[in-house]
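Take a look at the structure set out below.
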Amino acid sequence: MRLTIAGDSHGKYMIAVLEGIPAGLKIDEEIIRRELFRRRNCYGRGKRMSMEEDAFEIVSGVWGGITTGAPVTILVPNKAGNPVKDVRSVPRPGHIDYAAFVKYKLPDLNVYVERSSARWTVALTAAGALLKSLLREFNIDVLGFVTRLGNVEAKNIPDNFEELRRKRDESAVFCPDPEATEGMISEIDRAKEEGNTLGGKVKVIARGVPAGIGSYSDLFKKLDSKIGSLFFAIPAVKGVVIGSEEMWYGFDYLDEFELEDGRIKRRTNNLGGIEGGITNGEDVWVNVFVKPIPTTGKPLNSVDLRTMEPAKTPYVRSDVTAVPPASVVCEAALAVVISDALLEHLGDGNIDDLKRRFGNENLPRWDDGFWKEYDR
């Protein structure tokens with residue numbers, strides 16, 4: 001499977017093209033609408049999100065709601081115009097401005113923002129949401145939520161997956177801990193008043209992923225390699241940890257095996273469901289660190305690249321924090337990565353053929369008497 005994303009932040013459309021989607025898959029457009037709404041409507045968003053409607057259109061690869069096997073193209077119109085009309089020459093610390101100017105040497109810093117703006121993640125969100133229709137056929141579910149925003153960290157996160165989803169959806173910042181949600185909202189209000197911005201942390205879980213997805217032979221097809229590649233492409237993401245961050249002692253960290261009713265289980269899942277680039281049958285889970293947005297309400301010190309004189313950074317329409325919407329985007333990103341690895345594993349064709357291959361697999365299972373039986 002291949003995902004291509006194009007479009008400028010203030011151009012006519014953001015575009016996602018998915019190649020390699022099997023034929024015969026029924027697409028649930030309501031999932032796409034819901035995920036685009038969640039990305040757009042969360043606490044801490046700026047003025048632009050009130051202008052956008054994100055009314056997507058699927059213009060190829062789907063006929064009568066069913067995929068044809070051809071590339072699937074999703075268009076998301078941009079409604080908001082560019083608020084900056086003049087040439088901008090003062091770079092913002094933490095943004096693409098200066099580094100892109102040094103490399104590409106175009107004099108207007110506005111040019112670089114069109115591609116590096118997080119607006120393109122609306123296309124990633126749409127693509128990931130569409131792929132949830134595929135994952136649902138294999139009983140795989142993906143869920144993302146906020147675990148930290150500024151100095152506030154979630155402490156009471158439900159273990160039950162459906163309760164986790166319900167509490168996440170009840171939160172204005174997509175945090176499943178109600179007490180932490182209140183604190184995060186206060187953090188956002190305080191940062192907005194001070195002209196500051198906030199970073200934080202997001203967790204994404206993929207439940208139901210079978211063992212044996214990914215690769216150990218091809219370094220770039222390792223599932224953790226693919227996760228890192230796509231997640232680090234998301235603006236503001238500065239760190240990705242698969243599984244637990246507490247990895248100091250082997251006795252505490254390594255997931256020991258045990259037998260339960262003749263099946264191999266793990267006592268813990270600190271490794272995040274991946275060993276050596278291949279899924280091991282446990283939930284795949286990822287911690288993502290999101291930096292503060294570089295456009296602050298209070299100006300920062302910079303340099304005017306035209307005059308080479310000290311200058312203050314301009315304010316360009318922006319959010320207070322990217323953390324809540326990043327939880328939606330990262331959820332979509334994990335859906336893309338898991339779908340890609342799953343299709344690579346199962347091959348091409350009609351969705352019913354893929355489901356038969358999936359159901360008939362006996363990996364790994366031995367009949368030499370060493371193991372009685374092992375199921376994914």
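Glycine residues also receive a Cβ, built from the backbone N, Cα and C atoms like all the rest.
Values in this document were obtained by computation on a predicted structure and should not be read as measured data.
What Swiss-Prot lists as NADP(+) binding site is ARG39, ARG45. The FMN binding site annotation in Swiss-Prot covers ARG115, SER116, SER117, GLY276, LYS291, PRO292, ILE293, PRO294, THR295, ARG317.
Put simply, LYS291 (FMN binding site) is 15 Å from ARG45 (NADP(+) binding site) when counted between their Cα atoms. The CA atom of THR295 (FMN binding site) is located 19 Å away from the CA atom of ARG39 (NADP(+) binding site). Ranking the binding-site residues ARG39, ARG45, ARG115, LYS291 by how many Cβ atoms sit within 10 Å of each one's Cβ puts ARG39 at the top. Put simply, ARG115 (FMN binding site) is 19 Å from ARG39 (NADP(+) binding site) when counted between their Cα atoms. Neighbour count (other Cβ atoms within 10 Å of the Cβ, all protein chains): 18 for SER117 (FMN binding site). A helical conformation is recorded for ARG39 (NADP(+) binding site) in the three-state DSSP classification. ARG115 (FMN binding site) carries a helical DSSP state (H, G or I).
Each of the binding-site residues ILE293, THR295 was scored by how many other Cβ atoms lie within 10 Å of its Cβ, and the smallest score goes to THR295.
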